Amino acid sequence: MTMNSQGSARKGTLLLLLISNLLFCQNVQPLPICPGGDCQTPLPELFDRVVMLSHYIHTLYTDMFIEFDKQYVQDREFIAKVINDCPTSSLATPEDKEQALKVPPEVLLNLILSLVQSSSDPLFQLITGVGGIQEAPDYILSRAKEIEEQNKRLLEGVEKIISQAYPEAKGNGIYFVWSQLPSLQGVDEESKILSLRNTIRCLRRDSHKVDNFLKVLRCQIAHQNNC
């Protein structure tokens, strides 16, 4: 990666965090998936709403991850202990947009569904774990709770897309169990922080995949543009 691309990436991340903070502080939320309880939203509009929501969730994860590191990660020795593997790493997913475009839409939808569904338990444990560590900043906990709430809406939106576009594919998602979650209840403070950081990192990684896959699907299914 060149210096220019690194600088652009940093600027992009800062812009996302600024937007996230503005939305969060002003209590501005993405459009509802089913306005007024009416779930007859046309597919292109439904995709737009779901993509906006998934992007919002990813910016919240990014914000929380950076703030968590500022608060608890003080040295490189600690970072070196971080577990690189994630529970959903065994789920075969496309590595980039080009690969995602080659995956049948109904398969990609179920990959998205699996990632969104599998984040529910670790999100709950994350909220419990963050609340149990010393001097836990309120803004980290509040963002975790906000993500949990928005993730429920995202799951609803993905299920609505499947029902409209590929009803025969409904129920084909794979639910992953996060095996390292019990370690969040450990008594050792450093181990607990290490597990929490890895949980946030993995959830952020999965949310980035969901965001990218949804954008590919929106292009393929809803708008039929040149992807």
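Numbering starts at 1 and runs along the chain as it is shown here.
Any Cβ shown, glycine's included, is placed from N, Cα and C.
Note that this is a predicted model, so its numbers are computed, not measured.
TrEMBL annotations:
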{"type": "BINDING", "residues": "HIS55, ASP211", "note": "Zn(2+) binding site"}
{"type": "SIGNAL", "residues": "1-30", "note": "signal peptide"}
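When Cβ atoms from all protein chains are considered, those within 10 Å of ASP211 (Zn(2+) binding site) total 19, not counting its own. There are 21 other CB atoms within 10 A of the CB of HIS55 (Zn(2+) binding site), with all protein chains counted.
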